[in-house]
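Quick look at what Swiss-Prot annotates:
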type	residues	note
DISULFID	Cys4-Cys51	disulfide bond
DISULFID	Cys14-Cys28	disulfide bond
DISULFID	Cys29-Cys74	disulfide bond
DISULFID	Cys49-Cys88	disulfide bond
Amino acid sequence: AIDCKTVDSALLPCVPYLTGGGTPTTDCCKKGVTTIKDISVTTQQKDACNCVKAAANRYPTLKDEVARALPDMCKVKLDIPISRTTNCDAI
């Protein structure tokens with residue numbers, strides 16, 4: 001099973017970017033987005049999606065459009081979107 005704490009700690013270096021925009025840090029891309037990618041390629045994509053969505057919802061100032069752009073900004077292909085409004089059942 002996927003531990004949401006892993007997702008939370010992976011996204012931590014990305015919080016300044018997710019709430020403020022600009023450019024994500026190397027830590028955010030290398031540790032954060034890559035960790036989520038590694039988790040989401042398992043058979044537990046729906047669980048990973050729910051963890052990412054829950055983490056996103058903990059930050060009321062998170063900018064959804066910035067969050068959705070994060071994988072592209074880091075040049076990482078993610079199968080699950082980083083968003084507060086993702087329908088994880090559709091994944």
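The backbone N, Cα and C atoms fix where each Cβ goes, and this holds for glycine too.
The structure, with features from Swiss-Prot marked on it.
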{"residue": "Cys4", "record": "disulfide bond", "DSSP (3 states)": "helix"}
{"residue": "Cys14", "record": "disulfide bond", "DSSP (3 states)": "helix"}
{"residue": "Cys28", "record": "disulfide bond", "DSSP (3 states)": "helix"}
{"residue": "Cys49", "record": "disulfide bond", "DSSP (3 states)": "helix"}
{"residue": "Cys74", "record": "disulfide bond", "DSSP (3 states)": "coil"}
{"residue": "Cys88", "record": "disulfide bond", "DSSP (3 states)": "helix"}
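A Cα-Cα distance of 23 Å separates Cys88 (disulfide bond) from Cys29 (disulfide bond). Using CA atoms as reference points, the disulfide-bonded residues Cys4, Cys14, Cys49, Cys51 were checked against Cys74 (disulfide bond), and the closest is Cys14. Among the disulfide-bonded residues listed (Cys4, Cys14, Cys28, Cys29), Cys4 has its Cα nearest to the Cα of Cys49 (disulfide bond).
Among the disulfide-bonded residues Cys4, Cys29, Cys51, the ones whose Cα sits within 10 Å of the Cα of Cys14 (disulfide bond) are Cys29. Taking a C-beta cut-off of under 8 angstroms and a sequence separation of 6 or more, Cys51 (disulfide bond) has the following same-chain neighbours: Ile2, Cys4, Thr6, Val7, Asp8, Ile39. Counting other Cβ atoms within 10 Å of each Cβ, the disulfide-bonded residues Cys4, Cys29, Cys49 show the lowest value at Cys4. Candidate disulfide-bonded residues: Cys14, Cys28, Cys74, Cys88. Fewest other C-beta atoms within 10 angstroms, Cys88.
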